[in-house]
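Have a look at the structure below before the remarks.
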Amino acid sequence: MFPDDLLRRSALTLSVLAVLLVVGVLSQALWLPASAAGWYENVAYGLPAFEAGRWWTPLTGTFLAAEPSHYVPITVLILGGLGWAERVLGARRAALIFAGGQLFAIVATALLLLALRPSGWPWAVDLASQLDVGPSGGAFACAAAATAALRAPWRLRARLALASWVGIAALYFGTLPDVEHLFGVAIALVVVPLLPRYRKPLGRPSEREWRLLAFSGLVVIAVVQVIVNLATLNGPLGTSVSSTALWGDVLIDVVIILLIGNGVRRGVRLAWWIAVVLALLNQLQLILIVLVLALGAGTLDGAGFAAASSVLWLAQLAVLLVGRGAFRVPLRRRRRRLGGAVESDAAEARRLLHSVGGGVISWMSTWGGNEYFFSRPAPDAAADAVVAYQRHAGVAIALGDPIATPARLATVVHEFAATAQHSGLTPCAFSVSAAVAHGAPEGWRSLQVAEDTLIDLPAMEMRGKRWQNVRAALNRAEREGISFRLCRLTDEPWAVLAQVRAISEQWVGDKGLPEMKFTLGGVDDALDPEVLVGIAVDADGSIHGVTSWLPVYGPGGTVTGWTLDLMRRRDGGFGPVMEFLIASSALAFKEQGALVASLSGAPLVNSAAGEQGPIERVLDVIATTLEPLYGFHSLHQFKAKFNPRPEPLYLLYRDEADLPRIGIALTKAYLPDASLRDLVRSAV
């Protein structure tokens, strides 16, 4: 019924759930309210139980639910809290945290109420007379402890989210379980990070984390204020009061937050100033409440909730002020430019490519649509490296490896990432080599998104069975009078160019989406004088197919290889025209002394065997969806005829939270002319 691995790794969690179920059946609590039973006070825990000497109740009450409807959220908490802790911390540690957290939550809550009850505070007096059951305190402690196994920055995010949840619930709702949850999370967050295995340096939040903290704080404040005015709450702050005046204040805050929220997330300076002013204005409300109560000038309805709102704004103000250095992005887009998109910058990028050399896709940095980030070894020195990138959906997508010497690659990537982030953009690098992936900024992730196919030309010998199909294409072309010509398209007569354009337009017209761009060039890109074009032509001058080859530069302006880009064939023309063109081009390049021929990376292809994670499975779904339109996998299988060696190409990104935005940006980069209707139609 259950896989052995699940039983082994979740034995503790399943055992606790089984005990809950058995106790629920034996006590009839699964279908009748336990809180209404005569035996309830003998098994439920709380201050009244301890005062009556019922010290066993933390054990008996843990495995019950007060109402039948509570079993569903309790099950979710056990699976999400205890189950997570058992999986990442081990069964023994999880059991200790669950038991210790549950006991501490129960006892600490009782002691707090015992201390507050003499004050006459209605909330404390009420809770001091209540009893509770359930394992939620221990489950919350387990969830908080399990965050220790997360890597940065998710560890900080998860802890802040959990602490905010239980803190706000205890402050605004203030039920007995809410207070227990607060203590359960608190003890776990204090004790677990002290254990040697999970002792991590706190560090200082990065520029990005300050922005995220400020943005999240604004969202939390807006949501809490709306809930307080919609629902009638009766907690430690008193009873909430809703009025037209209060709704007016809330709506002003919410509208302003909606207007500035995205700007705060991107680190825009003006949005930060507005948020600071809004937080300061909300402190006036707290000052007014304190003055009225201190001077005995009267009472204020809902003063507790109003004061709590001001306290939240005070915490938000502290985040904004302490992290103020993260909010320096100018408002205007033109002032947030990392580099240029002007002709002089493109020319400088080409000059650096000629002098420094680059990778197999570095030539694509010379195409239109790119912007450029130049790096200098010293402030007053000339640029010695460049990153070509495109900006889409607030993301700066670096195209391939930086054009830089090997010793400068990692430094240039770090500089680009820091500058993009400082400018309010989400940085990432697409189709980079393993060398660049290994030198990515600390904490960044890498994901294989394509696979390049390289032919080592000096060692290429089209012999043996592995090359049989290629030799057959060459021999058939000779029999049918198909000749090969390697040329520069810009030097060809108008008749040849017209045929090439017609073949390309026919190919594009057969697709369900517009022609892809970014790392896939077109006929206009093949017109560059430095790009070579292979043409298959018959005796009548009719062109049957065309390929374009981008130069791969080594240091000193030497062309060391060529990269396949454009591949177009005429309908009804010579059958194996692509095999013929690629093989003929490779032979010509070998004769010229080139070292490598890249057949280009096939997007969303990974031939390496291995266990796939969730992200890889999503990419597989995308690849399957696009396969009928662009045939990435089929193209990769076709290239295998030339016996290339595979080289993985990676996407570098900060963490998984960036992936949805990066996915949108890459879609816009590859399909800038596609409408939403085109994309929806292609997915159906």
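Using N, Cα and C of the backbone, Cβ positions are placed for all residues, glycine too.
The stretch that TrEMBL tags with transmembrane segment, taken from the ranges 14-32, 71-89, is 71-89. Same-chain neighbours of the transmembrane segment (96-116): 16, 45-47, 50, 58, 61-62, 82, 85, 89, 124, 127-128, 135, 137-142, 145, 176, 179-181, 183-184, 187-188, 192, counting only residues six or more beyond its ends whose CB sits under 8 Å from a CB of the stretch.
Counting only same-chain residues 6+ beyond the ends of the transmembrane segment (182-198), those with a CB under 8 A from a CB of the stretch are 97, 100-102, 104-105, 108-109, 136-145, 148-149, 159, 162-163, 166-167, 169-170. Only residues 6 or more beyond the boundaries of the transmembrane segment (210-233), in the same chain, are considered here, and those with a CB under 8 A from a CB of the stretch are 157, 160, 164, 168, 172-173, 239-240, 242, 246-247, 250, 253-254, 257-258, 260-261, 264-267, 272, 275, 305, 309, 312-313, 315-316, 319-320, 322-323, 325-327. Within its own chain, the transmembrane segment (245-264) is flanked in space by residues 211, 214-215, 218-219, 221-222, 225-226, 229, 270-272, 274-275, 278, 282, 285, 302, 306, 327, 331, which lie at least six positions past its ends and keep a Cβ under 8 Å from the stretch.
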